[in-house]
Each structure stands twice: as C-alpha cells, then as structure tokens.
There are 2 protein chains.
Amino acid sequence: MINIRPLSFLLGLFLAVVAGLMLIPAGVSLYHAEGLAGEFFKSSMITFIAAMMAASTGFRSRLTLSTRDLYLFTTLTWVVVSLFAALPFTFYHHISYTDAFFETMSGITTTGSTVLSGLDDTAWSILIWRSLLQWLGGIGFIVMGVAIFPMLNVGGMRLFRTESSDWSDKWMPRTQLIGRSLVKVYLLLTVLCCLGYLAAGMTPFEAINHAMTTLSTGGYSTTDSSMTHFSSLAHWNGSLFMFLGGLPMLIFVQMMHMRSVRVWNDQQVKGYLAFVIAASLTLGWWLSREQQMEFFPALTLATFNLISVVTTTGFASTDYSAWGPAASIIFFFLMFVGACSGSTSGAIKIFRFQLAGAVLHKALRQQIHPSAQFPQRYNRRTISEDIVRSLVSFSMLFIATIVLLALFLVLVGVDPVSSLTGAVTAVTNVGPGLGEVIGPAGNFASLPDAAKWALSLGMLLGRLEIITVAVLLLPTFWRY
Amino acid sequence: MINIRPLSFLLGLFLAVVAGLMLIPAGVSLYHAEGLAGEFFKSSMITFIAAMMAASTGFRSRLTLSTRDLYLFTTLTWVVVSLFAALPFTFYHHISYTDAFFETMSGITTTGSTVLSGLDDTAWSILIWRSLLQWLGGIGFIVMGVAIFPMLNVGGMRLFRTESSDWSDKWMPRTQLIGRSLVKVYLLLTVLCCLGYLAAGMTPFEAINHAMTTLSTGGYSTTDSSMTHFSSLAHWNGSLFMFLGGLPMLIFVQMMHMRSVRVWNDQQVKGYLAFVIAASLTLGWWLSREQQMEFFPALTLATFNLISVVTTTGFASTDYSAWGPAASIIFFFLMFVGACSGSTSGAIKIFRFQLAGAVLHKALRQQIHPSAQFPQRYNRRTISEDIVRSLVSFSMLFIATIVLLALFLVLVGVDPVSSLTGAVTAVTNVGPGLGEVIGPAGNFASLPDAAKWALSLGMLLGRLEIITVAVLLLPTFWRY
Ligand SMILES: [K+]
Ligand SMILES: [K+]
C-alpha cells in the first residue's frame, strides 16, 4: 500500500511554502508600483487553500515513508508544486496555462527554456518569481541528490551514499543538520555571486536575479540578450559561480564540519576541474584561431559558454552558432556532459563518464586476459554489479527518453533540428537548443502546445534522473 | 609474443584469394570489350606477388593462434586486403588512391557509401568488382560473427557461443564443416535473390550485382538512381532478401543439419521479425497519410526503406528526405538499430536492445525490491556480469567513436549535418547519410581527403564491433 496520508501532509507543507514565497514577488510589485501584487496575492491564496486541504488530509498520520512512497512523493511534489507555481504567470497578460506551466517547470527544474520574450520590459515581480523558482529548484535538487537518490541507487548513485543519505529515524537529526548546512552554503554562495555581479557593474536587481539563476545553474535572465548585455568581469564572475554550482554541495558542508580541505580529494571533483580547464583552453584557442580574435577575449567567451553548457546552466553569451558550423556540433555534444552529482546541474554528469570509463578499461583488459581478476574502485569504493547495472539502465532510459521525445516533437510538426536539440536540451536541463527557433537567440513560444507539454515532461524526467519516474510505470510498483 | 609468422602466412592466403578474384572482373572486361582487363591483370599480379611474399615469410610455421593473435589478425586482414583490393579503382580514370581506398573499405565492410557517380556509364568490370567486394565482405563478417566474435566475447557476443565458435584443434573439422555450410547457404540465397530480381524485370547483369549487394546488406548499385530505377516487384524481392541477409545465417545451417524448424524459436529472430513488421506497418500508414498516397504503394516504399536502413543495407528508393521533416529524424534513429548477430548487418543489433531491455527491467524491479533475486535469461542462457559489462563497453565505444568521428569531420570542414550523419552511417555500416551532400541522393566524392580516411576507419571500426580494434590500443596488448 502507498501511504497516501503522510504524502498528502508533506505535499501540503511544500505548497504552503510556495504560497508563502509568492508574497516576495507581491512585495516587489508593491514596492515597484507595478500593480501586479493582487495577482500574486490571489495565486498565493489559491495555493494556500490547496495546501491546507492537502495537509489536513494527512494530519496526525505517522511520517514514515517506504522506498516506494519516496518514489511517488518525489515525482508528485515536483508536478503539483509546478501546477500551482504557474498561477502567477497565467494572471500575467497574454500567457496561456500551457505556457505558464512550461515556464514554471522549466524554472523549477532549473532548465531555463523560456516562452517569454521582451524580458527587458517584463514586470520585476514576474522576473523575480522566475529566478526564485530556479533558485528553489536548485536547492531542492541538491537535497534530493544528497538525501534521496543515493539511497534509491538512482543511476548508480549508491556510490555517494553517506550517513547523510540514511533515511532512518536514528539519523534524522543529523540529516536535518546537514540539510540546514546545505541551505546555508547555497545561500552564502548566492550572496557572494550577487556581490561579484554588483562589482562587475550590474544593477542590484540584475545582480540578485542572476545570482539566483547562476548558482542554481538555471540560466533565466532579466534581459532578452542574456549575458551578452554584461561586462567581461560579469562573465568571469558567472563562470566561477556556475562552476561552483556544478560542484557536489555536500563537500562544502563536510569541509566546514571537519575543518579540513582533505574532502576535496575527490575523483569526481578532480575530473570535473580537469575537464573544464582542458576544454576551455582548447575551445578558447580554437575560437581565437577560427574568428581571428585575441586570445583573452576568446578565452572569456569560450570559458563562459563552455561552463554554461557543461554545468547545464544555459546562459547565452553571443550566439555560438555564429562561431561557424563546428561550434554547433561541439555544443550539441557538450550538452550531454553535465557536472557533478549532488550539485544543481543535470545531464549525464562526470561520475557516470568516469564509471563507464573504468568499466570499459576493465572490460578491454578482460578481453585480452579472460581469467585475470581486475579489482575496480571509484573514490575508494568497489564498483559493484548493481552499480554497473544501474548505470546501464540510466544510460538506456536517458537515450530512449531523448529519442522518443524527439520523435514526438517532429511528429507534432516541429522542425528536425529543433526536435532533436529541443529533446536533448530539455532532458539534460540545459535550456536553449540549437537552430533558429530554440537556439541561444530564440525561444520556445512558437512551438505547438503538445510540444510544450512533452518538453515539460522531458525536463521533469531529466531532473529526476529518469529512473525515479520510470519505476512508477512498472505494474509491480502499484501491485501491493 | 605476437605470432607474426602464422599471421603472415594466413594474410598471404587471403591476398592470393583476392588476386584470384580480380580475374573475374578481368574476364567481364574482356567479354564486354571494355579494354580494362589489363588493369585488372596488373592489380592481380601485384596482389599475387605480395601474397607470395607474405605467405613465404610464414611458411611451415605452426598454425596456432592465441586470443591476442586473433585480434591482430582480424584487424590486419581487413586493412591489408582493402589496401590491395583498391588497386583496380586507382587504374580507373579520375580516381585518387584515397577515393579508391574509401570505395574499397566501404565495399568490403558492406557499408556502401560511394565516391563514384555516373554509375550507369561506369565499366561493368568496375561495377562487378564493387559488388564482389560487398559479397565477400558479407560472408567474411558472417564467419567472424559465428567463429570469432563469440569466442572473444565482443560486445556481449559470448551469448552466441556454440560448438562452432570453439577454436580448438578438436573442433577444427566441425568448424570447417560449418564454414562450408555457411558459404553454401549464402550462395544459395544469393542465387534465389538473383532469380527474383530477374523475374522482377532486371537485366541479368543488374540482377547479379544487386543480388550480391542485397544479401550482403551492402547497398552498392549499378545505377545512380539506386533502386528507384526498378519495379515494385523488385522492391519486394529486395525487401525479402535484405531481411534474410539480416538473419543469423547459422540458423539456416542448423536447420539443414538438424532437419528441424525448432531452431527458429530464437528470441533475437522473433524480436527482429516483430520489429520489422510493426515498424513497416506504422511507417507505411504514416507515409500514406502524410503524402496522400494509396496504402499499398506507401507500404512498399516504407517496407523497402525501413528494411534497407534497419539491416544497414542503405539502398535508396526515393529520397526519403522528401517525405517531410519527420522522416529525416526517423531514419536517423533507425540507422542505429541493425539486424541480428551473425548476419551481414552492422550497427547495434537487435540482441543488444533486448539484452539492455532485460537489464533495465531487472534494474527497475530491483529499485523497488532491493533485496529480491531476479534471475535473468536470454535465449535460455544466463545473462552473466561479463556479458553486461561487455555490453556497456560496446555501447560506450560505439557512441564515443561516432562523437569523435563527427567532431573530426566538422573540424576538417564538413558541414554539421553531413558530419553527424556521416559519422553515424559509417560506424553503423549503413552507407548513405542525410542532407544534401551525403544523403540518399548524394555521394561522398566532395568531402576532403582527411574526412574520407577518417570515415574509412569508422567503417572498419563499425564492422569489427569496435572492441576488436580497441584492444589493440591498450598498452598491455603489446606488453609481452
Ligand atoms: K539550465
Ligand atoms: K550498407
């Protein structure tokens, strides 16, 4: 049996938080005299009533969740929260509920694909609501990556099981402590990022919004021209904090608690750093040669755009499709990479490449020496068979999701390039695709409604590492 | 130590066979009075001298090969044979050695990408040489798939280990018997296919050539318009024999020897049949709706083009990019599918999808019931961990090869669509790509030389299931 009542209670709590947060843009609207405060109050009220109904259904039930409850709870929360968080957009002129839901799901999954244009003239309250959604989605995903995914072994993430991912009563106080520390670190980094942007010449409003969407690797901006609008210093500040957003946030917490930098001796972090440095330098060198630019400006652009894609942030700074035909293929492949587990970034992620590489290296040596024993370790842990199988499942589902989504898009009339890159950018949570329609300079408004719902589903699947949602489709999940 | 001398001896034997086969186009040229016989005699002579030198180096050595020798031998044979088999093309006007080697590698790997145009006016001897290369490559790959790959466990192919894939002295007579039976079945099917084409209105020369390139799932044609040139009956005959070419050839042999049709109760064969029927009907229905065609002509075209891509034959019949934008995405994904193991077809192949599906299904159930035991079987054999790991390695290498090849192509100046689909079509051994340059209506002549060499390597890697070549890159392979 699925425990409906505690699920309902928890859902109610989440919705109440969303209702509360809607008062922030309401405040902004009042302060800025935009006349949208009423819309936000209305949304907040509706959400709050729903929250009370859900919470009262499950009130006084015991808060014990089985593994199966967790799967259902995770998926349900993201969907229901998005359904309500979309309300403020629908009250904004010209926006259908489809568009509002797409924008919300894109925000909360930190994907950052947008259907809005004319951002420079959009009400501040709407802009801050978009940024807030990304910032909250980001921390939500970090907490899932630390506390839920390792326990469920989603896509081989049992590798990252620590005491903080134990879900028993005994560890509850410790889990809460770590949760609070994660939020503190995330908040601190956001403030630092904001100060950096201020120093780089952004207005306070721009700095606050971009700090929230940088740390969460979300990529929403307050201007249609995205980061192109800002200085070179702002680019480097963005590069730095997107990079930090791609790190396993738990390591900052461990460093604080253990007062030691030894925790940074982590295979995934080292691989991520090495990849970003090597790829940025290569891309910068190639760009300076290809476009006859000086090396430093080329490196600035290359690093920013590379980190933006690899961390799945998706900020655009100059339309890289203007860098020649090679760039489109390079950036297409880079979309799949992703940063570290337990960060805000999506896509495949560095540790899975490292795991697959280790499995490959062992398998090739085994081809030559069939009976030899090759031990296999990752970060001093054995790569067990269930981790390998979980990795295979993740990769399969990841590719199958993209293929099916792309086929669906092309069949409802989206052009081939937008279909393929749109499917990829949704499932990897990067944000912009390639091509004229949904490329870095375009937006998703012109797509048919069916495509927008399918892409929303793709973003959710990508954010929840697909497996979390896929198990819900098994008949055995519902059987007893 | 690598056993150079027996390798050299065997290579000599293979080259001698190639030298002998060059006399067939020489005969065609004499009969047809094309004046190219001398060129073929010259090529044959050069190849024969090389063959004698190689064979004499290894003469009287013991013919025992270790696993490592087999890896080296397999790769070496295909490369060296291609180097010599390319000679007749170089003697033909306007063709550089790069183009000749590309055409040969494309032929012998049964890829069927071509740099030649004006096929309708090309000398018969050249056309028959291309078809022969594909026909020989096809049977060569079948024998590898039965006798070598299962023993080496290339990409999970240990699943298909039978007595015929044992490489010990004891089984040698039996292996030879099965080898001869395979050749007989292949020859018989080719003759039947040829008769079918004759009945469908082809000239004898067209029928012979197309029969050879149909059974081998190679896809070379004697006319620039490929199969568009021929009747609807020829399409159905082609569909049937491409489908048969995609079956595990060993099952025909087992059926003959065991006088039983029970051998067809095979999970891979059933999956392949089900997929082809379901996909053809769907595509036919979609095409008739999309293009306002009658159902039967639409089904004819859909079935032919689907089987052509899925079996990695790559015959073109009507440029399917004219079927609207959705078709390009559908055919792009279909390129990856492939038919059965132990057939002449390339790409990923049905059994790997079935294996991955089984692993996925188990892993998802394991997510819900972490401690339950789920046994896993494929064709009544257990899916062991080394098979899963071999599958992971294959998939990784397959994708990595395509990505690196596509990046290389775009960096040497090929356009993005040709780069991506060219890399896919080479590694999957399909033949034509998508887009204006290398699409079903185009050819590869205009690509830069570097791209042609890289694509040749891609075809070879695809044909040898990548792993066979990849182990040669390990330092430990050469160490002792
Ligand atoms: K993003
Ligand atoms: K082919």
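Each Cβ is built from the backbone N, Cα and C atoms, and glycine gets one as well.
What TrEMBL records for this protein:
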type	residues	note
TRANSMEM	A:40-59	transmembrane segment
TRANSMEM	A:71-95	transmembrane segment
BINDING	A:T110, A:T111, A:G218, A:T312, A:T313, A:N429, A:V430	K(+) binding site
TRANSMEM	A:135-160	transmembrane segment
TRANSMEM	A:181-200	transmembrane segment
TRANSMEM	A:236-257	transmembrane segment
TRANSMEM	A:269-287	transmembrane segment
TRANSMEM	A:322-342	transmembrane segment
TRANSMEM	A:387-412	transmembrane segment
TRANSMEM	A:453-474	transmembrane segment
Output field, K(+) shell: CB within 8 Å of site CB centroid, site A:T110, A:T111, A:G218, A:T312, A:T313, A:N429, A:V430 dropped: A:T109, A:G112, A:T217, A:G219, A:T311, A:G314, A:T344, A:S345, A:G346, A:T428, A:G431
For the transmembrane segment (A:322-342), distant same-chain residues with Cβ under 8 A (at least six beyond the ends): 142, 145-146, 149, 157, 160, 217, 243, 245-250, 268-269, 272, 275, 279, 283, 286-287, 290-291, 305-306, 309-312, 348-351, 353, 421, 424-425, 428, 430, 434
Distant-in-sequence neighbours of the transmembrane segment (A:40-59), which means Cβ under 8 A and at least six residues beyond its ends: 4-16, 18-20, 22-23, 25-26, 29, 84-85, 87-88, 91, 125, 129
The transmembrane segment (A:71-95) in contact with the transmembrane segment (A:453-474), cutoff 8 A, at least 3 CB pairs, sep 6+: yes
In contact by Cβ distance (the transmembrane segment (A:135-160), the transmembrane segment (A:181-200); 3 or more pairs under 8 Å): yes
Cβ contacts under 8 Å made by the transmembrane segment (A:135-160) with residues that lie 6+ beyond its boundaries: 21, 67, 70-71, 74, 78, 107-110, 166-167, 175, 178-179, 182-183, 186, 190, 212-213, 215-218, 245, 248-250, 341-344, 351-352, 355, 378-379, 381, 383, 386-388, 390-391, 393-394, 463-468
Surrounding CB atoms that lie within 10 Å of the CB of A:V430 (K(+) binding site), all protein chains: 33
In sequence order, those binding-site residues of A:T110, A:T312, A:N429, A:V430 whose CB lies under 6 Å from ligand 2: none
A:T110, A:T312, A:T313, A:N429 as binding-site residues, winner by CB count within 10 A: A:T313
